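First the structure, in the form of structure tokens, and then the observations on it.
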Amino acid sequence: MATISEKIFSRASGHRAEAGEIVEAEVDYAMSHDGTSVLAIKAFTEMGSERVWDPERIVVPFDHIVPANNSTAADLQRMVRSWARDQGIVHFFEGGRGICHQVFPEEGFALPGTLLVGADSHSCTYGAFGAFGTGVGATDMAEIYSRGRLWFKVPETIAVRISGRLGEMVLAKDLTLMLVGAIGADGATYRALEYLGETVESLSISGRMTLCNMGVEMGAKAAIVPADGTTEEYLRGRARGPYQPVRSDPGSYDAEMEFDVSDLSPQVAVPFRVDQVRPVGDLAGTEVDQVFIGTCTNGRLEDLEIAARILKGREVKARTLVIPASREVLLQALSSGVLEALVRAGAMIGTPGCGPCLGAHMGVIAEEEVCLSTANRNFPGRMGKGGLVYLASPATAAASAISGEITDPREV
Ligand SMILES: CC(C)[C@H](C(=O)O)[C@@H](O)C(=O)O
Ligand code: SF4
């Protein structure tokens with residue numbers, strides 16, 4: 001009897017791996033971006049390493065500060081580019097291609113049954129494809145650059161079963177925020193979350209990515225949706241190679257939880273905790289200075305589409321920033337008319353990337369300003385010193401953009 005995580009670590013370590021055990025495992029693909037590559041390269045060099053283990057299995061997308069906002073960022077980015085060139089890194093993605101967690105799956109690296117490690121906490125997003133995706137720090141990444149292997153503690157798994165049909169204008173993000181509120185910011189520390197049940201099965205890849213993306217906000221090492229037909233369909237023509245999906249054996253879980261989302265309303269996480277989650281109705285009327293639709297949580301086509309549906313033919317009152325998660329998303333939004341509807345409504349459009357998500361550039365807010373964001377974190381100072389970040393779905397964000405205050409998307 002074994003869980004998905006145990007099966008993945010068994011294959012990657014070459015022996016039967018059980019939860020609680022520490023194993024050395026071989027990584028299938030590694031990822032580091034413009035931000036964390038800087039530190040990982042420094043550690044790699046300090047370790048005395050000269051060549052990377054496999055230039056085809058290290059993926060480097062530029063996304064956190066693109067285009068560079070000052071000469072320090074430009075210098076560091078030049079250093080990473082030239083290191084990648086010297087090492088012969090094959091999968092280097094220049095700024096504008098998109099957010100690492102969006103580009104990585106789009107390019108077919110996120111495959112069922114694989115072990116994927118990123119130097120970024122939201123690498124748990126790859127669990128949406130039935131993979132074990134996890135984030136590590138720069139020194140661990142340097143070790144992977146060098147040897148392609150790392151020590152891992154095989155996590156116990158909490159099965160989270162979700163039933164019920166999501167209502168009109170109630171999205172995967174609302175389901176995700178509800179779970180973060182219920183499980184808590186440290187409720188899944190060092191566990192793997194496995195999402196099951198009819199509601200999860202009915203989610204699109206985009207919705208599954210939103211769900212898995214916030215796994216780390218509950219402390220989880222990984223958040224996994226078992227691969228199925230929806231996964232296969234997405235991977236057709238994208239997958240980088242053959243893959244072997246794995247499933248958990250019944251009864252292999254450490255704990256099980258159940259939720260019914262039939263009556264769920266749109267949810268909002270209030271500053272400064274991701275698990276301080278309330279129904280949108282409780283916050284209706286809270287004034288909003290800026291609305292931000294984007295990030296690795298909610299910057300995909302589906303997210304922009306729902307926002308455009310709400311904003312079409314209307315005018316935003318709060319300043320509104322839309323940043324597509326990738327060039328692929330931007331192009332689709334362009335050809336489908338989604339982008340035009342957003343621009344006509346008064347939205348600013350940014351270069352695909354992280355944008356102001358972590359307060360670095362392109363939409364940082366002022367002290368005491370309120371931003372309603374579709375991102376995954378609302379810690380103090382996250383989008384600018386003294387600013388307040390509320391987290392919600394793209395539908396709630398669009399509805400609130402029109403009125404300039406937090407608004408239930410079912411009421412516009
Ligand atoms: C910059 C990076 C290390 C960080 C992370 O790991 O999550 C960022 O992406 C974030 O969302 O805060
Ligand atoms: S969009 Fe935000 S949460 Fe996602 S990787 Fe970028 S900074 Fe981190």
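Cβ coordinates come from backbone N, Cα and C, glycine included.
Residues or ranges marked as [4Fe-4S] cluster binding site in TrEMBL: CYS296, CYS354, CYS357. Under DSSP, CYS354 ([4Fe-4S] cluster binding site) is assigned to coil, being neither helix nor strand in the three-state scheme. A simple way to gauge crowding: the CB of CYS354 ([4Fe-4S] cluster binding site) has 29 other CB atoms within 10 angstroms, across all the protein chains here.
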Exercise for the section: May I have the list of same-chain residues other than CYS296, CYS354, CYS357 whose Cβ is within 8 Å of the Cβ centroid of the recorded [4Fe-4S] cluster site, in sequence order? Expected result: ASP63, HIS64, ILE99, HIS101, HIS122, GLY294, THR295, THR297, GLY299, GLY353, GLY355, LEU358, ALA375
Problem - Assigned conformation of CYS296 ([4Fe-4S] cluster binding site) - DSSP reduced to three states - result: helix
Practice task
Give the sequence-ordered list of residues that share a chain with CYS357 ([4Fe-4S] cluster binding site), lie 6 or more positions from it, and have CB atoms under 8 Å from its CB.
Solution key: PHE292, GLY294, THR295, SER373, ALA375, ARG377, ARG382, MET383
Practice task
Taking the Cβ of CYS296 ([4Fe-4S] cluster binding site) as the reference point, list residues of the same chain whose Cβ is under 8 angstroms away and which are at least six residues distant in sequence.
Solution key: ILE99, CYS100, HIS101, GLN102, HIS122, THR125, MET209, ASN213, ALA325, CYS354, ASN376
